[in-house]
Amino acid sequence: MMKCLFLLCLCLVPIVVFSSTFTSQNLIDLPSESPLPKPVLDTNGKELNPNSSYRIISIGRGALGGDVYLGKSPNSDAPCPDGVFRYNSDVGPSGTPVRFIPLSGGIFEDQLLNIQFNIPTVRLCVSYTIWKVGINAYLRTMLLETGGTIGQADSSYFKIVKSSILGYNLLYCPITRPILCPFCRDDDFCAKVGVVIQKGKRRLALVNENPLDVNFKEV
């Protein structure tokens, strides 16, 4: 009888040891939950609201500052203002209010959205409030302009991402990437938005370096 009990104990020892080892080392890697998207915040620390209007303000001061505004593109024959510019200084006029239109839900970092100048306008000029990007052969770059569409697979999609310095950066991220944006070369086929000089005005454009650092102030 004692011999049988002894043999039974010997059989149970490997099971106990295996169970203890398995539990302590946690050999099964359970799938981790995806991190929640981070909401984009305004200058007061509030989450951006698709139903609200905001001014896009540069982080810089003096000649490095200035709000983003809607203006007439040089040499343009468009019937309405069709260019996206930045004022030459933070001491001056306020920028043109915009609203951010996400594909769904709230406004989060690194997610596709449309941008629209939120101003009263005549029917003819409604599409000239929606941001897009177009090629400028003279400057050999792609400029931000208006005349886009909302919710369509074209040249009108952007993202807001956290800046490596202060505030946020804007990215241009077309869905039909290779055709519409030869400048979009990062992993997500997006391009940074910065500033170039066009006939004495600071024009928003796609850049390889020195992106525009901005914040959003509710109107």
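Every residue, even glycine, has its Cβ placed from backbone N, Cα and C.
Features reported for this protein in Swiss-Prot:
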type	residues	note
DISULFID	Cys80-Cys125	disulfide bond
DISULFID	Cys173-Cys184	disulfide bond
CARBOHYD	Asn51	N-linked glycosylation site
MOTIF	26-31	motif 'Vacuolar targeting signal'
SIGNAL	1-23	signal peptide
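Positions of the features from Swiss-Prot, shown on the structure.
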residue: Asn51; record: N-linked glycosylation site; DSSP (3 states): coil
residue: Cys80; record: disulfide bond; DSSP (3 states): coil
residue: Cys125; record: disulfide bond; DSSP (3 states): helix
residue: Cys173; record: disulfide bond; DSSP (3 states): coil
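Cys125 (disulfide bond) sits 24 Å from Cys173 (disulfide bond), taking the CA atoms of both as reference points.
Here the Cα atom of Cys80 (disulfide bond) is found 24 Å from that of Asn51 (N-linked glycosylation site). Between the CA atoms of Asn51 (N-linked glycosylation site) and Cys173 (disulfide bond) there is a gap of 23 Å, rounded to the nearest whole number.
Across the motif 'Vacuolar targeting signal' (26-31), the prediction's mean pLDDT works out to 52.
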